[in-house]
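Here is the structure we will look at, set down as structure tokens.
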């Protein structure tokens, strides 16, 4: 087995040894969809939302929440902890560079968050009759762009946090505004113009809208693509600048 | 040919010169010690050898490789055990070994390595459940899993209890017997004296001496002191007449004889000839501690 695949397998195993983390990151998003879907009003067309059913809007919101949890709570904290404990430093003494650890973490986060996405899509479709994306390539493009922006943000947190505990705190602090503008509390369609405009410029506001557009059969809007790429470049650039292996 | 060559190594941190022109060469199959007080520049020196830090001056070759030039090849040949480096808490011993062996071109048999280090029964244990001694042994195992020609062990026994420390020492000798050259950083005299073929004494970033443990002691002073309680009164002149003896003093019921060379043999011969028995006989020799004080002007712990 190559070092990267062995490393990814090991990191995934370690991830599954933290039951609290597994619950929040993997089980919580589908569970939240089920709970919301159990509320009758969520399944009724809402005139305030232009006749859309709220549960339809919550599917992409919960999918991007899966990304946010991985990026801000798992990736950032694991990385900062590994640096703090000298795990990355020890790797530097082997032929495998610690960059491989970064690759393994990103690979694991991508695979597991795609699994969450599929689970949420399927539950939405089977249990609550939420239509599957009509424009699948567009959906994947939107998802990948949102994932890139969030992972870059997570790595930025890992770069500036002095230790694992601080990374966890900063990640949590970022999670709430990011998810607020993604529409977790008030879906974008129910936001007033000011909030929605702000939301357009946040990584997951743009992400949710792109997924919503692709579900309806459209390609993401140029603005949202630009916003997600912008966050990736800005956060990724800063992360690269401040990143320390030890 | 030397397996590690360090020539005029200089490393600065801002205005502070941590290592100032250190030179030494380690021969194949040696246990080579770097001894010095905390903050002397020992770790910085070996980290330059390991390629973890970039030197500001001088030359380094490990198996002919410059750590600055070809770090990928160096890492196949050099295994390092670092001070204060942990593993993920819930990683199991066997998983760590399997993972790290996947990093190398020609890894050692990690199960056999764990057996050598008495860790076989800990294969399924998570890192956080290991004792200090077990963590250190795992750390050595990880340093050796790539089948290195050189192993750098930094403050290996710090924080271990005396028994675990002695166990670790015999392990290091076992490793050397496998043909691995060992560069050992320590601030324990006893450890250096017991393990090392040669020792480089470093103080304030400079090399102050380089010799075998016995050589370092002899360089400083070969005075010895005998203490004993004579079974019968003895004329001091009988002893002072010996060329080996420099002085004889009485301390209570004891005689203290100071001298050089084969002092013990000379004195006991005279005693036997005069039918005097030396009770409670003790021999004090200059220790590496004394040598260190003489070389650096201070004790290692200060």
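Every residue gets a Cβ built from N, Cα and C, even glycine.
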Students should find that the transmembrane segment stretch in TrEMBL, chosen from A:200-221, A:222-243, is A:222-243
Considering only the recorded stretches A:20-43, A:140-160, A:222-243, state which has the highest number of Cβ pairs under 8 Å to the transmembrane segment (A:55-80). A:140-160
For the transmembrane segment (A:140-160), what are the same-chain contacts with Cβ under 8 Å, counting residues 6+ beyond its ends? 63-64, 67-68, 70-72, 74-77, 79-80, 83, 102, 106, 109-110, 113-114, 117, 167, 170-171, 174, 178, 203-204, 206-207, 210-211, 213-214, 219-220, 224-225, 228-229, 231-236, 238-239, 241-244
In the same chain, who gets a Cβ under 8 Å from the transmembrane segment (A:167-186) while lying at least 6 residues past its ends? 57, 61, 64-65, 68-69, 72-73, 76-77, 79-81, 153-154, 157-158, 160-161, 195, 198-199, 202-205, 207-208
